[in-house]
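Structure first, then comments.
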Amino acid sequence: MIKIKQFTIIKPDDWHVHFRNGKILKTIVKYTSNFYERAMVMPNLSSPIITIKSAKKYKKNILNALKKNSTFTPLMTCYLTIDTDPDDIEYAFYEKIFFAAKLYPKNSTSYSKFGIKKIKTITNVLERMQKIGMPLLVHGEIVDKNMDIFDREKFFIDKILIKLRKDFPELKIVLEHISTKEAVDYIQSVKKNLGATITPHHLMYNRNDMLSNGIRPHLYCLPILKSKTHQEALRKAISSGNKKFFLGTDSAPHYYYNKESHCGSAGIFNSLSSLSIYAEIFEKMHALNHFESFCSRNGALFYSLPENKNTITFIRKSWKIPDKIFVGEKIIIPFLAGKMVKWTIE
Ligand code: DOR
Ligand code: ZN
Ligand code: ZN
């Protein structure tokens, strides 16, 4: 079979990214802004983005970290707490300060201690979001010490999401970084107002890769990698061309000493290689015909945004992912550090 040597697509958007703040932000924003035209910026900083004031300041910090002629647009999200005020939400949405709001079940992931314990405590906010057409993004896991970590996503769907959709049928919801066959099936079964992002790491690896030949802390993320069956369901989902699935890297840097630790942090920093990896997986699945939609159309369609005007070109030329990224003296180990990937992006 003849292998395609290069192809061009509409410049993609990353619908789920963590930029952090301070020095990390300044170092890493370029790895997203070089390849993506827009990004949905997650609000779970150590001081989370819960106010209009903090969102404005955070956006400014992001814009200041960009190159002068960059066209990159960060879309800001609001971290929902029990104190979130529906009037603030409405004002910030209409003023285009917040594009969406993020639901973190309390203690479900990194920096989620201000998250929500009981959905009914934010009913008035969800009602308002539904009314004004503001999207709700969810970290879809229930955390309970009696529940197996590998079942957290499935339980979120069964116990929270199904009811949430019944109570707020017009609310646009994105189930972020899906990791299970149950999530794929559920998304496919729903007619409207529900989409899902899929990460490079959940497509590339399963829990055997993380645990069966030594423990790999740099593959530790939440939702945790699942079994091969689930990985294959995700691969099938993107290969089907279903428009409800779109690109979200969940790129989430942590310093290496917080990853290689007795209690390691969850999160994988993948922004610099993300597009090359997605392309590799689509090619492997013989689904490159659906690649542009996944990267550059489906998300915009879901969020009722225009498609980007710029394009990027993929060239079949391998390159080596750096072993480490320096943030001053400190080190972040990128996803697939030191490995070769097949596609170079121009
Ligand atoms: O692995 C993860 N890391 N999953 C998340 O949901 C959050 C992220 C982070 O912020 O580090
Ligand atoms: Zn998450
Ligand atoms: Zn995330």
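Cβ coordinates are placed from backbone N, Cα and C, and glycine is handled just like the others.
In TrEMBL, annotation is done automatically, which means it is predicted and not curated.
TrEMBL has this to say about the protein:
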- 14-341: domain 'Amidohydrolase-related' (DOMAIN)
- HIS16, HIS18, LYS102, ASP250: Zn(2+) 1 binding site (BINDING)
- HIS18, PHE19, ARG20, ASN44, HIS139, LEU222, HIS254, ALA266: substrate binding site (BINDING)
- LYS102, HIS139, HIS177: Zn(2+) 2 binding site (BINDING)
- LYS102: N6-carboxylysine (MOD_RES)
- ASP250: active site (ACT_SITE)
Where HIS254 (substrate binding site) falls in three-state DSSP terms: coil
Alpha-carbon spacing, HIS254 (substrate binding site) to HIS177 (Zn(2+) 2 binding site), which is rounded to whole Å: 18
Between LEU222 (substrate binding site) and HIS16 (Zn(2+) 1 binding site): CA-CA distance (Å): 13
Between ALA266 (substrate binding site) and HIS177 (Zn(2+) 2 binding site), the C-alpha gap once rounded to whole angstrom: 13
Subset of binding-site residues (ARG20, HIS139, HIS177) lying within 10 A of LYS102 (Zn(2+) 1 binding site), CA to CA, in sequence order: HIS139
Rounded inter-Cα distance in Å - PHE19 (substrate binding site), HIS177 (Zn(2+) 2 binding site): 16
Top Cα neighbour of HIS139 (substrate binding site) in the set of binding-site residues HIS18, HIS177, ASP250: HIS177
Spatial separation of ASN44 (substrate binding site) from HIS18 (Zn(2+) 1 binding site) - C-alpha basis, Å: 8
Distant-in-sequence Cβ neighbours of ASN44 (substrate binding site), under 8 Å, six or more positions away: HIS18, TYR79, LYS102, TYR104, THR109, SER110, TYR111, SER112
Listed binding-site residues adjacent to ligand 2, that is, members of HIS18, PHE19, ARG20, LYS102 whose C-beta is under 6 A away: none
Neighbourhood of ligand 3 - binding-site residues from LYS102, LEU222, ALA266 with Cβ under 6 Å: none
